[in-house]
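Peer 1: My structure is below; once you've seen it, I'll send some questions.
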Amino acid sequence: MDRVCWIMALSWFWMVSTGLVSAEEEVLMNTKLETSDLRWTIYPSGDPEWEEMSGLDEEGNSVRTFQVCPMDSSVSHWLRTRFIPRHGASQVYVEIRFTMMECSAMPASFRTCKETFNLYYYQSDEDTASATHPAWMENPYSKVDTVAADFLLRRGGERKSNVKTVRVGPLSKKGFYLAFQTQGACMALLSVRVFFKKCPAVSRAFSSFPETLPHSLVQQAEGVCVDNSAPTGQSTAPPTMFCGEDGQWVGPPSSTCACKPGYEPVDSDRCRACGLGQYKASVGGSLCRVCPDNSNTHFAGSSLCVCRPGYHRATSDLPDSACTKPPSAPRSIIYQINDTVVTLEWSEPLDRGGRSDLSYSVECMHCRGSLCVQCADSITYRPGQMGVPGRRVIIRGLLPHTTYTFTVLAQNGVSAVSHTSPASSSVNITTSRDVAVPVSGIRRIKASESSVSISWTVPPQTQHSIQDYQLRYSLKGQDDGWQYVSSRSSSVVLNDLSRASQYQVQVRARTAAGYGHFSSAVSISTLPDDEESPSRLMLTGVLVAIGLLILIAVVIVAVFCFRRSTRRRDPDPDKSGQFLMGQGIKVYIDPFTYEDPNEAVREFAKEIDVSFVKIEEVIGAGEFGEVCRGRLKVPGKKENYVAIKTLKGGYTDKQRRDFLSEASIMGQFQHPNIIHLEGVITASCPVMILTEYMENGALDSFLRLNDGQFTPIQLVGMLRGIASGMKYLSEMSFVHRDLAARNILVNSNLVCKVSDFGLSRFLTENSSDPTYTSSLGGKIPIRWTAPEAIAFRKFTSASDVWSYGIVMWEVMSFGERPYWDMSNQDVINAIEQDYRLPPPPECPASLHQLMLDCWQKERSSRPRFCAIVSALDRLIRNPASLKITGRIPDGPSHPLLDQRAPPPLSHCSSVADWLRAIKMERYEDAFMQAGFTAIQHITHISTEDLLRIGVTLAGHQKKILSSVQTLRIHGGSLRY
């Protein structure tokens with residue numbers, strides 16, 4: 001009983017929260033449904049007080065009723081029902097509707113009036129009751145309850161009936177009788193309904209439970225798993241659930257049933273077959289999944305997707321993996337004969353079959369006439385004959401002057417189960433000792449931005465004439481990307497090359513004896529470059545010399561006049577914005593130094609026919625007009641996407657000159673991390689500037705859109721690209737002045753390129769990038785600008801380095817706004833007080849230290865861009881250093897870092913003070929654990945000690961050892 005009560009208590013909350021399935025009632029007797037006399041037994045029968053009558057119920061239906069109003073209250077008056085079969089119920093409910101007269105409303109003769117009656121029951125296996133049996137008394141009858149009225153009738157009052165429901169039981173025999181006994185009550189029995197409650201059939205938790213009669217407080221019912229489900233785990237016990245005595249299911253079921261493979265759960269009570277094109281591989285509550293690529297199902301309720309014809313799964317593939325197919329044949333087999341050694345090379349199949357486990361096998365056939373047999377076992381293959389992962393095999397041990405057929409087969413993981421022969425390509429080779437002499441004298445005849453004309457010296461042949469030549473070329477440094485061209489003459493034209501790029505070229509000759517060796521690689525570049533053809537070298541030298549003399553004279557006169565006119569109002573030569581040309585170095589030329597700015601446009605930007613351009617959509621707006629995406633199709637060249645800046649109508653000459661100045665600037669730069677100028681359109685309206693199209697847009701918005709999606713090494717790669725572009729600009733003596741993440745563009749390969757050179761001279765103010773107006777005029781983006789540029793408009797490459805440090809912070813914070821919501825004046829004040837931005841979350845300590853180096857107050861102390869590129873390269877080569885992050889203060893926001901000068905080393909009284917003084921406090925715990933707990937221990941530390949402690953960065957080792965040397969020199973003044 002205690003266990004049952006515990007189950008009931010435990011299930012109470014579950015019943016309330018999940019809702020109850022209504023109990024089902026089975027009626028054993030209902031007098032309201034009787035249409036004839038009830039023929040109940042009345043006692044005493046000689047002078048019966050109970051009287052059967054016809055009446056109307058509350059709905060106006062005719063019903064049979066009994067009423068009694070005895071004058072003598074000393075006599076008991078009984079009324080007994082007919083035999084009622086119990087139908088297996090262990091207890092029943094009796095619903096009684098009756099009225100009762102109030103005793104005070106009765107005449108005085110009813111002095112012993114009562115306002116209650118008693119209900120009894122008697123059990124029997126047969127209908128044996130009579131007028132005298134059983135005896136009309138409490139025993140053998142069992143008393144159920146004394147029933148009192150809630151509403152009493154009085155003369156002239158409201159007529160209201162009473163409804164009472166009582167429970168009768170326990171019942172054990174086939175049926176029972178109900179008996180009503182009154183003694184002095186004046187009442188009417190309007191209706192009697194006898195029923196019992198049972199738990200209805202229900203499905204829960206993928207288990208089906210039958211209709212259940214409760215025989216006790218709770219009755220355990222056994223169920224079965226619903227259709228298309230089965231028990232999970234090792235248990236085979238059927239599901240169970242408890243049925244309460246009130247006909248309600250109690251608590252959740254105990255069930256391990258779950259949907260079978262090929263079926264998914266629906267509403268937690270049934271399993272539905274997976275549709276065509278879907279599958280489910282295991283028993284459980286997971287949903288059906290779409291079939292992997294190249295597979296399908298043939299019927300609903302599938303547990304596995306079958307591969308489409310021609311596709312297979314390897315024995316090592318998982319059952320739910322995509323189906324793949326064997327690869328297509330290898331392409332372009334190239335061979336080289338050296339005596340009796342053959343080297344085979346080939347290109348990758350066009351179709352890898354959807355797999356990465358591609359390998360190759362080489363078959364050799366020895367042919368004499370029309371008869372071919374397998375090659376001898378003495379032939380060797382390097383690196384192997386079967387399952388070769390690469391695309392090059394060297395075959396040794398061949399016979400001279402013999403014809404061989406070599407077949408290269410492409411295979412992958414499903415080739416063995418495909419029951420088809422691997423795709424292959426074959427080549428016939430005849431060995432000979434009389435091979436062609438190597439080619440020499442390779443030279444460039446003519447070059448353009450996308451093509452090169454090459455010729456070479458015809459090699460002398462002693463026995464066989466040269467049939468043709470084979471040339472191979474690739475970008476310099478990419479030895480695995482060779483492309484091949486054949487030529488019958490000693491020259492060839494290579495097209496579709498990258499501009500301003502260096503290529504390595506090799507040539508070999510073929511005779512009747514086969515191909516000779518490739519020549520040594522020769523480096524040849526496309527335009528623009530600084531080379532001149534030999535035929536024009538002398539003329540070019542003379543013209544250059546004359547031009548330099550004239551230019552030097554003009555520059556001297558211009559500088560003299562300029563300094564004379566500006567000496568009083570501008571004593572600092574850096575403020576003029578002019579850039580002097582270096583010795584033998586290509587430098588930037590300011591287009592505003594031209595008397596006619598249009599001449600600068602013609603010199604540095606290529607004019608493009610407007611018919612070559614197709615504008616597709618507007619992607620933004622700039623200072624001068626709209627920015628669009630379009631296509632550029634120059635005849636003879638591949639169509640490319642371009643970004644198009646347009647000059648809005650109604651412009652002034654100055655606006656047109658300022659708009660095109662950016663093209664004059666951009667056209668001077670050729671670098672993979674500088675936005676590339678395709679050309680300009682000035683001969684028609686609107687005037688346009690065309691640049692390469694960068695799919696991912698501005699870096700700041702791209703990072704915010706992909707917050708947290710990139711690893712530190714990827715972010716460092718982006719920063720390295722930006723630094724490389726700025727290194728190129730600084731070497732060109734160009735100062736950007738507005739370096740920020742919003743002015744860095746990102747292409748589909750995550751390559752970052754510096755852009756927006758017009759803003760280096762014309763900065764506008766807007767709500768997202770507020771600027772500060774200096775006393776000298778002009779707008780400056782405060783948050784990105786070095787303090788000397790804010791105060792004195794002193795823009796140099798060092799001020800660009802400061803801005804680059806802010807860009808680093810933007811990148812590592814995924815586009816966070818520098819200095820958050822601080823005002824411009826607060827930013828200026830904080831920088832003047834030597835406060836700097838803290839490291840972004842999860843920022844490697846080495847990167848934040850590089851930021852702090854870029855934010856040195858003295859511009860001469862900041863690193864150059866070449867040093868920044870080298871530092872980032874070291875981090876990329878040592879990814880482990882990016883796992884060390886700085887300590888970030890707790891709290892809702894990160895305060896600015898105090899970068900004021902540390903105290904002198906002589907004031908350091910502990911190891912912790914010393915490490916903080918040299919900004920190496922990150923190693924404090926490591927020093928303590930290694931036993932360096934006092935200053936006197938530090939003076940004897942070595943490089944080996946630092947490695948043992950965990951200081952692996954060369955820069956940190958150098959900084960610590962340098963400080964240790966200082967401690968040794970000033971050891972006498974240290975306080976221990």
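Yeah, the Cβs are placed from backbone N, Cα and C, and that goes for glycine too.
Got these off Swiss-Prot a minute ago, pasting:
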{"type": "ACT_SITE", "residues": "Asp738", "note": "active site, proton acceptor"}
{"type": "DISULFID", "residues": "Cys69-Cys186", "note": "disulfide bond"}
{"type": "DISULFID", "residues": "Cys103-Cys113", "note": "disulfide bond"}
{"type": "DOMAIN", "residues": "25-204", "note": "domain 'Eph LBD'"}
{"type": "DOMAIN", "residues": "326-434", "note": "domain 'Fibronectin type-III 1'"}
{"type": "DOMAIN", "residues": "906-970", "note": "domain 'SAM'"}
{"type": "TRANSMEM", "residues": "542-562", "note": "transmembrane segment"}
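How about a rundown of where these features are and what they're close to?
Peer 2: Asp738 (active site, proton acceptor) counts 25 other C-beta atoms within 10 Å of its own C-beta, drawing on all protein chains shown.
Its own atom aside, the Cβ of Cys186 (disulfide bond) has 23 Cβ atoms within 10 angstroms in the protein chains shown.
Annotation note: Cys113 (disulfide bond) sits in a coil segment as assigned by DSSP. Listed in sequence order, the residues of the same chain lying 6 or more apart from Cys113 (disulfide bond) and placing their CB within less than 8 Å of its CB are Ser73, Met101, Cys103, Met106, Gly184, Ala185, Cys186.
Computed over the domain 'SAM' (906-970), the whole-number mean pLDDT of the model equals 81.
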Peer 1: Roughly how many angstrom lie between the C-alpha atoms of Asp738 (active site, proton acceptor) and Cys69 (disulfide bond)?
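Peer 2: About 109 Å separates the two Cα atoms.
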Peer 1: Give the helix, strand or coil assignment DSSP yields for Cys103 (disulfide bond).
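Peer 2: Helix, per DSSP.
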Peer 1: So if I measure Cβ to Cβ from Cys69 (disulfide bond) and keep only same-chain residues at least 6 apart in sequence, which ones fall under 8 Å?
Peer 2: Glu49, Met101, Cys186, Met187
Peer 1: Please spell out the DSSP helix, strand and coil residue counts for the domain 'SAM' (906-970).
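Peer 2: Taking each residue of the domain 'SAM' (906-970) in turn, the totals are 45 helix, 0 strand, 20 coil.
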Peer 1: For Cys103 (disulfide bond), list the number of other Cβ atoms lying within 10 Å of its Cβ atom.
Peer 2: 17
